[in-house]
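Here's what TrEMBL has on this protein:
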DOMAIN    28-496  domain 'Major facilitator superfamily (MFS) profile'
REGION    1-22  region 'Disordered'
TRANSMEM  27-50  transmembrane segment
TRANSMEM  62-82  transmembrane segment
TRANSMEM  94-113  transmembrane segment
TRANSMEM  119-144  transmembrane segment
TRANSMEM  181-202  transmembrane segment
TRANSMEM  214-232  transmembrane segment
TRANSMEM  244-261  transmembrane segment
TRANSMEM  282-301  transmembrane segment
TRANSMEM  313-335  transmembrane segment
TRANSMEM  347-365  transmembrane segment
TRANSMEM  371-398  transmembrane segment
TRANSMEM  470-494  transmembrane segment
Amino acid sequence: MVTTPHSQSTQSAPEQAGPQQTPRTGIALTLIAATQLMLVLDGTIMNIALPSVQTALDIPAGRLSWVVNAYALTFGGLLLLGGRIGDLWGRRRVFRFSLALFAAASLAGGLATQETVLIAARACQGVAAAIAAPTALSLIATTFAEGPSRNRAMGVYGAMSGLGSIIGLLLGGLLTEFLNWRWVLFVNIPICLAVLAGTGVLVEGSRVRGRLDLPGALTGSLGLLVLVYAIVRGGDAGWSDPVTLGAGLAALLLLSCFLVIQSRSPHPMMPLGLLRDRNRGAAYATMLLVGGGMFATYYFLTLFMQQVQGWDAMTTGLAYLPFATGMGVASGILGPRLLGRFSPRTVIVPGLAAATLGMVVFSQISPGSSYLLHLMPAMVLTSVGLGLSVVPLTLGALSGVEPGQSGIASGILNAGMQVGGALGLAVLSTVALTGTHSLLPDATALLQQGRQQGEIALVVQASEALTHGFGWAFLVGAGLYALALLLVASLMTTPGPAARPDRKA
């Protein structure tokens, strides 16, 4: 296990900077939060603009999904590598590089006149995000010492993680309607430039001596890339598709080789000791399940509001405001305060219970469900529950990690969220499709046909079939949260409050 820092003075920097809140630490948190918000919202901001993109660049329907999937593929597949190079080459330097790359890719995508250029730019955005996301999280660990200051910082970070997807939906609708689709990419450029200008306040923290574990980097990154591809393709082409099965088998072999290499390497990219800690392992596994439920919630709720209830993109985005508010208040205010009095497990368990209950309420939707009496209460339950869970899970994943390993520890956590999100969305899409087809095959096309031709009976029948499928997806999503709850209750053993007086990390 490689842990040797370059110097003792470098290693002690975060401990010295962390205990006291200063203007510099406040600026640092603002920069990290803005970066995390940008990275997460870019996962959904393009969804609203897809119809406009398809028309402008004449993209065939079969390839349109890759405008979104290219970002998810490289983002999820390269997170472990992105986290590790920050540990090895310097977090602040790597963070600056990732921001510059993200800005350049956003500019290229916004100027694209061909689909291949746009998809390539989105893939480059994903590469930059895979470097920036774990590096930003590890910079919190180096800038804020364990205790109240880090809890507050994690609360803000968690709020941005939860709000990003929702803000992406709202901002995508606003930019597409009042400007054009290219601005969903151009909007990233001023954010990147502003953050770049302020990165001097970030605390570098310690580095590890040694070189990059090239065999581990290749097998681990390729394994995750192929795994995410298999999941995405499985959701589109079916789980029995030969390419899906082949990609899944290849991912299994590559990741198995990766683990063997890590167990024998003198300079492992992912020290396996990180996974042996009971609380940390539980946090990683729980985040995988939470990611699966969270991403699917946004997806199916958006489809229900737009397809079944017929809302436009702007109305749908505004409808998410209670979700955004609940997530922001719970993760940014309630979570850090509760962690000052209770253990992480004591905060996470009721949070996941509330999220589970919210998904059960969502599963009872009907085509005529009231927004105020049905959808909004379910949004509040789910969002508050998730907001209470994300911050202590993130703290649990980084607690006790040696300074030189905070980048890879952050990369594992982010990879769990991204892979879990892709897997959950693919599996629950299959559940929803099966439920819909059990009542009416081709319900989406028939719903559109019924509305165009004024056939009320067909609209009602198709709406009921789609809602039936969405309901089953929400119910299985509730099962994911319930399983996460059981995992935390049975494995997490952290005693006492998470927010002890600030001390050396």
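Glycine is treated like the rest: Cβ placed from N, Cα and C.
Packing against the transmembrane segment (27-50) from elsewhere in the chain are residues 64, 67-68, 71-72, 75, 95, 99, 102, 122, 125, 129, 132-133, 136-137, 139-140, 143-144, 153, 156-157, 159-161, 163-169, 171-173, 175-176, 181, 184, 187-188, 191-192, 194-195, 198-199, 201-203, 298, 302, 313, 317: each is 6 or more residues past its ends and has a CB under 8 Å from a CB in it. Spatially, the transmembrane segment (181-202) is adjacent to the transmembrane segment (94-113); three or more Cβ-Cβ distances between them are under 8 Å for residues at least 6 apart in sequence.
Taking Cβ pairs closer than 8 Å, the transmembrane segment (470-494) reaches residues 278-279, 281-283, 285-286, 289-290, 292-293, 296-297, 300, 303-304, 308, 343-345, 348-349, 352-353, 355-357, 359-360, 362-365, 385, 389, 396, 399, 424, 427-429, 431-432, 434-435 in its own chain, all 6 or more past its ends. In this chain, the transmembrane segment (62-82) lies in contact with the transmembrane segment (119-144); the count of Cβ pairs under 8 Å, excluding pairs fewer than 6 apart in sequence, is at least 3. Through the fold, the transmembrane segment (347-365) approaches residues 286, 290, 293, 297, 301, 304, 330, 335, 338-339, 374-375, 377-389, 392-393, 467, 470-472, 474-475, 477-478, 481-482, 484-485, 488-489, 492, 498 of its own chain, all at least 6 residues removed from its boundaries and within a Cβ separation under 8 Å. The stretch in 94-113, 214-232, 313-335 that contributes the largest number of Cβ pairs under 8 Å to the transmembrane segment (244-261) is 214-232. Between the transmembrane segment (313-335) and the stretches 214-232, 282-301, 371-398, the greatest number of Cβ pairs separated by less than 8 Å involves 371-398.
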